[in-house]
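Pulled from TrEMBL, these are the features on record:
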- 1-40: region 'Disordered' (REGION)
- 1-16: compositional bias 'Low complexity' (COMPBIAS)
- 135-162: transmembrane segment (TRANSMEM)
- 182-201: transmembrane segment (TRANSMEM)
- 271-294: transmembrane segment (TRANSMEM)
- 306-326: transmembrane segment (TRANSMEM)
- 413-431: transmembrane segment (TRANSMEM)
- 451-471: transmembrane segment (TRANSMEM)
- 483-507: transmembrane segment (TRANSMEM)
- 519-544: transmembrane segment (TRANSMEM)
Amino acid sequence: MRRPSQSSEESISIRSWTVPDEWHDSDAGEVCSSSSSSMSIPNCPLAPSLGGSGSDIDVTLDVDDMMPSLVEQVSRMDVVNPEVLRVTPVFRALEHFAVALRFAADGDFYHKSRASTKISTFWSHSWHGGQWKKILTLVTLYNGTAAVSLAFLTGVLMMVLFSFGTLPGIDRGWWRPADWEWSCWSTSAGLVVASLVLTCWRSQTRVFLDCICISQNDDRLKTDAILSLAGLLKKSDSMLILWDPTWTERLWCLFELAAFLKSKTTQQQHLIVRPIFLGPLSIAIYLMFFALALPISTVPIRNATTIVEVLGAMVLSFLVVAFPTASTLRRYFRDLDTMKLQLLSISVDSTRSSCCDQDHVIPSGQRILCDRKIVKECVKIWFGSELSFENTVRTEVLDLLNRDLTEKVFSTPWALGVTSPLFLAFMDVSASMAPDPDDRQPALALLLEGLVVWLCYVPATKDLIILLVRVGRKRSRSTCLEILKNTLVLGAAATPVFVLLIAYGLTRFADPRHALRRAGIFVCCTLFLVVCNFLLGLGLKALLRRPGW
Ligand SMILES: [Zn+2]
């Protein structure tokens with residue numbers, strides 16, 4: 001199912017409805033099922049009010065009477081029926097191009113789930129955010145580490161095999177002597193392995209995804225699942241929030257977060273927040289680095305013109321990704337500003353819920369119960385009062401979302417992962433030099449330089465670039481100024497890269513005959529630049545703490 005407020009066709013909360021015949025035979029206190037596809041919440045609390053009547057006459061209920069029972073059920077944080085505590089492996093949720101996430105309203109995916117006693121990760125998302133962004137973010141989140149790691153290991157294996165002469169090389173028409181062969185194995189095999197693993201990896205992590213783990217066709221199970229929502233969160237080791245600006249506006253998303261915070265009984269229960277654009281962005285940056293790495297290890301270079309052409313193509317592929325990336329990141333940090341304002345003035349009444357959007361009447365004309373009322377009563381029980389819940393959101397939740405979305409999203413492992421193709425190119429060039437005894441030392445020096453750039457300079461520069469984007473996030477008045485601002489941000493972000501290239505060029509003259517000593521000087525320069533980046537970052541952080549920034 002989609003959660004209660006997310007479907008216009010399948011309203012979960014019902015203000016009044018017609019009671020199907022089978023209810024009349026239900027035992028009081030037992031969960032009841034409904035033949036009406038438009039209902040879900042009503043169940044056992046109502047049974048007594050039916051009085052065990054065997055009448056065939058439909059009975060219209062005043063569902064305001066149901067409220068105390070429903071609230072009591074939800075707020076107890078119990079799983080009312082063990083059958084609804086279900087999980088699905090991540091790969092099942094993502095198979096067939098994540099069909100379950102794309103066509104949740106049109107299909108029944110219940111068969112992809114199975115009963116469990118524990119949920120590893122509860123996925124919380126808004127159905128109003130971008131589908132493909134969400135899917136790609138899940139793919140990179142669950143398959144990305146395996147893809148990058150296996151691509152890297154493949155690169156190392158190829159480098160070793162080529163160095164020992166096991167693999168053939170390609171003639172790129174330059175360097176001495178004429179029969180010089182180049183390795184392109186690490187980069188190309190890395191790309192193939194990364195692509196295959198990213199798309200085919202079968203992550204076994206057991207997750208709860210509403211449209212798979214809640215039955216669409218069995219109203220009794222659907223009802224039980226909704227009543228157990230808080231209980232399901234209590235049984236979850238972690239909660240993954242796939243954040244987009246609509247998430248913070250949705251009543252049920254905040255309800256899930258409130259329930260998770262309330263139900264956290266151990267420190268092992270984690271909250272993970274990721275913006276949904278992170279997946280497409282990570283893939284784009286990873287491919288951009290492959291576009292930079294492939295020419296370094298494959299393109300034949302006959303004369304100076306080809307060098308210019310190759311460099312031109314590399315700069316173009318960089319700009320094609322970098323420009324939209326700068327624009328996306330600036331918009332993201334503006335969205336975070338909006339989120340802060342939203343959460344600071346949050347109230348249960350200001351969130352959006354589709355029941356209210358529909359004015360509590362579904363297309364068939366039936367009136368439906370307002371989800372907001374249930375949520376309000378639950379938060380009163382969990383947090384003491386609505387005000388206390390709102391204060392928790394304005395302080396704890398705001399701090400948590402702000403910290404996670406600002407600092408934890410672009411982590412060091414993430415930066416190393418998306419830039420790893422560059423190091424694969426270093427492996428190829430190094431492996432190409434290794435077979436010649438005279439070039440063994442330069443080969444080793446090159447590998448060392450690549451490793452230091454990748455492991456030290458990339459994370460430090462990433463932090464600086466993110467801070468630069470945050471400083472330049474404000475929107476300009478016109479499109480032209482906006483393009484100019486993106487260009488300026490990009491120029492500022494590219495500066496540390498140029499500084500490093502200059503340092504690399506200059507250190508080539510330091511000790512031309514001793515490659516390892518030269519590499520040592522370059523490593524010292526790189527570490528000095530890392531410290532400079534760090535200090536600049538501290539300055540920018542101080543600037544961002546000032547009012548108006
Ligand atoms: Zn409502």
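Heads up, the Cβ atoms here are built off N, Cα and C, so glycines get one too.
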> Ranking 271-294, 451-471, 483-507 by Cβ pairs under 8 Å to the transmembrane segment (135-162), which is first?
Replying inline: 271-294
> Short question: which residues 6 or more past the ends of the transmembrane segment (519-544) have a Cβ under 8 Å from it?
Replying inline: 445-446, 448-449, 452-453, 456-457, 460-461, 463-464, 467-468, 470-471, 496, 499-500, 503-504, 506-507, 510-511
>> If we skip the immediate neighbours and take only residues 6+ beyond the ends of the transmembrane segment (271-294), which ones have a Cβ under 8 Å from one of its Cβ atoms?
In response: 121, 125, 129-130, 132-141, 144, 148, 184, 187-188, 191, 194, 198, 238-244, 260, 314, 317-318, 320-322, 324-325, 328-329, 332, 400-401, 404-405, 408-409, 414, 417-422, 424-425
> By a Cβ-Cβ criterion of under 8 Å, what residues six or more beyond either terminus of the transmembrane segment (182-201) are in contact with it?
Replying inline: 91, 139-140, 142-144, 146-148, 150-152, 154-156, 158-159, 161-162, 167, 169-172, 283, 286, 290, 293-294, 296-298, 420-421, 424-425, 427-429, 431-432
